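A quick write-up on the structure given underneath.
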Amino acid sequence: MNITTISHLRKYKQRQQKFAAITAYDAAFASLFEQNGIQVMLVGDSLGMTIQGNDSTLPVTLEDMIYHTRCVRRGAPYCLLIADLPFMCYATLYQAYDNAAALMRAGANIVKLEGGGCWVTKIVRCLTDRAVPVCCHLGLTPQSVNILGGYKIQGRDKDSADRILSESIALELAGAQMLVLECVPITLSERIADVLTIPVIGIGAGPVTDGQILVMQDILGITGNRIPSFAKNFLTDSRDIPTAIQLYVQEVETGKFPAVQHYFS
């Protein structure tokens, strides 16, 4: 098995080859995912909700992220591993340097941060200059839930769509290696995926992005009745978890997922 790098994802984008990513939080599931076709994993601060049982990602600490990043890396030594910088862990440049370095030492290949304002762009540039690859996150940014007024679709009106597009361009120019685009209309996703040269991974952003990512609990249907409209329970049509992961990868790569019911017009 070969190690997956950001260069591979850039080549996938150039060839218009879709790829599947998934959240992971422990060694056992990470190993299973890697063995069944997943090349990109995210240790997301979503663990605050899916693992810890909180109602948002805000309580997650850097120590939580370091612990779970180490676990996932042990289980999946070949994947491209993204790790979230949690809430208020990159509020200043020096804080961003120290905390990003800690996640990289724990096994992350790329650190992810949310937002696209001028201060975020500056942090992206400074981290990149110091050899820390950055994945950015626009659209619905869960760490901003209290400002956004809940978990709502973003970029529906022209002004907000233009702002998100402009921010995505600025982040790439600042050195961002990847972009996660969450819960935006497919028309905006298509504009962003077309204009950027870096890989764009969508979640609730339609089939036009270069890759797709879902929370592992949603894919396996272990979130009760709270599966988001943009997600799909792949275990329903599978005999076991490995088969469900293989089906997810296959449907992403062939363009079958996400279907029209999984994105916003």
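Every residue, even glycine, has its Cβ placed from backbone N, Cα and C.
The active site, proton acceptor feature in Swiss-Prot is assigned to GLU182; the stated evidence is sequence analysis. Reduced to three states, the DSSP call for GLU182 (active site, proton acceptor) is strand.
Swiss-Prot lists ASP45, SER46, ASP84, LYS112 with the feature 3-methyl-2-oxobutanoate binding site. Within its own chain, SER46 (3-methyl-2-oxobutanoate binding site) has THR23, THR57, ASP84, PRO142, VAL215 as residues 6 or more apart in sequence whose C-beta sits under 8 angstroms from its own.
Annotation comment: Swiss-Prot describes ASP45, ASP84, GLU114 as Mg(2+) binding site, evidence class sequence analysis. Using a 10 Å Cβ-Cβ cutoff, GLU114 (Mg(2+) binding site) registers 23 neighbours.
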To test your reading of the 3-methyl-2-oxobutanoate site: which residues beyond ASP45, SER46, ASP84, LYS112, same chain only, put their Cβ within 8 Å of the Cβ centroid of those residues? LEU42, VAL43, GLY44, LEU47, THR57, VAL60, MET65, ALA83, LEU85, PRO86, HIS137, PRO142
